[in-house]
Ligand SMILES: Cc1ncc(COP(=O)(O)O)c(C=O)c1O
């Protein structure tokens with residue numbers, strides 16, 4: 001039998017990111033595998049929140065315009081860093097809203113339903129909030145989701161075949177709405193191939209990148225996707241309910257925001273308080289109201305860690321961790337576990353998912369042993385950029 005403990009120690013020694021572990025708050029005797037749901041708190045994120053609170057205390061209303069991070073332009077400032085993380089131009093990205101409200105804002109603002117195009121292609125394994133949102137948008141257009149929302153079926157219950165998506169891209173389709181990584185199985189979709197196929201048919205391609213931003217290098221601009229939205233509380237370690245991100249390709253700029261509001265103004269005009277709106281000519285125009293400064297604050301710290309580590313390096317570590325996890329699972333686990341994550345590196349994101357009929361009870365038992373995994377109708381273990389003691393869990397669970 002492979003000596004996995006020894007192998008883990010060797011891998012840890014060679015790990016170029018090992019020093020970052022001390023940046024994060026880990027609990028003793030606890031093993032965190034749930035970075036896909038909620039990334040852990042880092043010391044840098046924590047001190048950024050305290051700094052913003054201090055500014056509020058000291059500067060009061062002047063916090064909007066003074067200090068190291070004037071709140072008035074904090075979203076724009078941090079969006080420059082976010083643009084680097086997703087491979088976009090600065091003007092194409094803004095940190096704003098929530099994942100779900102950004103879906104609403106982007107799709108409504110892109111106004112895809114025209115020239116007889118009324119259908120939206122989604123998949124049956126999609127995160128429910130996206131389905132609720134796009135259904136509401138269709139209904140508002142007078143389009144019944146039962147007829148106009150086409151849900152691509154999964155053949156195995158875990159993954160969606162690219163060809164099955166492409167075969168639904170017909171002339172009456174307005175929009176392709178897909179995740180970059182499926183939230184349960186961790187399957188990574190080929191965004192470039194899907195976008196090219198959609199564009200050939202005049203269809204807009206929009207992606208939910210909640211499960212990839214922060215753990216997979218993206219090249220949104222060159223990939224040519226029309227838009228993307230993502231949360232920042234998973235792989236970006238922004239904290240519960242941290243402010244989300246959106247990307248709109250420069251070919252759609254300037255864009256008229258469907259959910260318009262004064263924070264979408266050209267910054268130099270916002271305080272004119274005029275009733276004729278002068279929107280920003282960048283993605284920033286897709287902001288509506290006052291940004292949630294306290295929920296952006298942790299990103300000051302956590303984005304700097306992501307950039308310091310390097311997104312390519314994070315991906316390499318993530319793949320090394322998940323490869324190792326699968327190697328151990330395959331050798332040691334034989335109690336009716338099914339592997340539901342594609343094994344090829346270019347077909348999976350940052351987490352590994354195992355399916356088992358008793359998954360709920362297994363997760364509960366693991367938690368009692370200090371192993372924090374995620375349960376979503378199947379047992380799923382997630383990598384976090386700051387978790388590396390995966391070996392111990394497997395020794396304890398078998
Ligand atoms: C893939 C995906 N999309 C959308 C959402 C909804 O995000 P929010 O609650 O931030 O709007 C989530 C939440 O976990 C998610 O995982």
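Each Cβ is built from the backbone N, Cα and C atoms, and glycine gets one as well.
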Taking 158, 233 as the options, which does TrEMBL list with 99, 100, 127, 128, 129, 130, 208, 211, 262, 290 at the pyridoxal 5'-phosphate site?
233
Count of other CB atoms lying within 10 Å of the CB belonging to residue 233 (pyridoxal 5'-phosphate binding site):
24
Excluding near sequence neighbours, so keeping only residues 6 or more apart in the same chain, what lies with its CB under 8 A of residue 290 (pyridoxal 5'-phosphate binding site)?
263
Quick one: of the binding-site residues 99, 127, 129, which has its CA closest to the CA of residue 234 (N6-(pyridoxal phosphate)lysine)?
99
Out of these binding-site residues, 99, 129, which one has the fewest other C-beta atoms within 10 Å of its own C-beta?
129
